[in-house]
């Protein structure tokens, strides 16, 4: 049997292609209630449903921002929320030409027999949840696997376990009409250099695509959300041009050209770093059969949060900041970013060790 072609095949291919539209990006707004709770205290905002809804409305209704977005990844709570005037967020997105997506994993747990490595939960009942999310308006999904670099990590067991989990998630999504975004995140934590990150990234991505093929996943109806290949957080920094060369080479060696788009995660880079690295990749003159874009959460929202401060009178200012970040990253997908979007706050490091959504 080759790739699975069920009743949603044509829709999956069309939506995966749309997600990868050059000049458009994905906003990751799928932070769990707990993760939002870690960010709100920095701006003295209480972590309650009304404030979470207000932040999401600020983002989703920013004038002029939706044309820069192809999709928004939502937390389950947000999928069913509405704007202040009663319009479902899902409808507001669709009216603006943006595909709603949904985080479907249930977080990570320690993988027995390893040195603190993890596997991702959420396969139980996933088919039923995907069917419900499709009915609610979602058209793509996200599942995050997490690997770390250490003296002997990631272990072959952790790589295999997480690759198979991503593949099982992928085929279940496709059977229920959702484009699976495959996210094998290799954490930036550590003292390793960029060569070590590239080597690990190649092994992880090769294992993922072996598993996706073994599970008959239709690659044309998927998207990849990998880490950018960088030195570890405690290692010496390198230029965006070096990062671009290593990252694109890693993709060339591992990612089939049937995959329409690669939507990088920011992995705790500052907003400006993440944008400059993406821009350098798109300026690189080499074989790139996939659209190179991003699915950023922290790297699109941090400056916006600081401008908002949870206050109604700051919404317009915060939306201006969000629009500037969205526009800047859109330009970076075309290799046309000039730098400076978001002001001084955009250069602040967003790294959180052992980051959990």
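We number each residue from 1, going along the chain as drawn.
Cβ from N, Cα, C; glycine included.
What Swiss-Prot says about this one:
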BINDING   53, 142  substrate binding site
ACT_SITE  183  active site, proton acceptor
ACT_SITE  225  active site, schiff-base intermediate with dihydroxyacetone-P
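For the recorded site, residue 142 (substrate binding site), the DSSP three-state label reads strand. Compared over the active-site residues 183, 225, the count of CB atoms lying within 10 A of a residue's CB peaks at 183.
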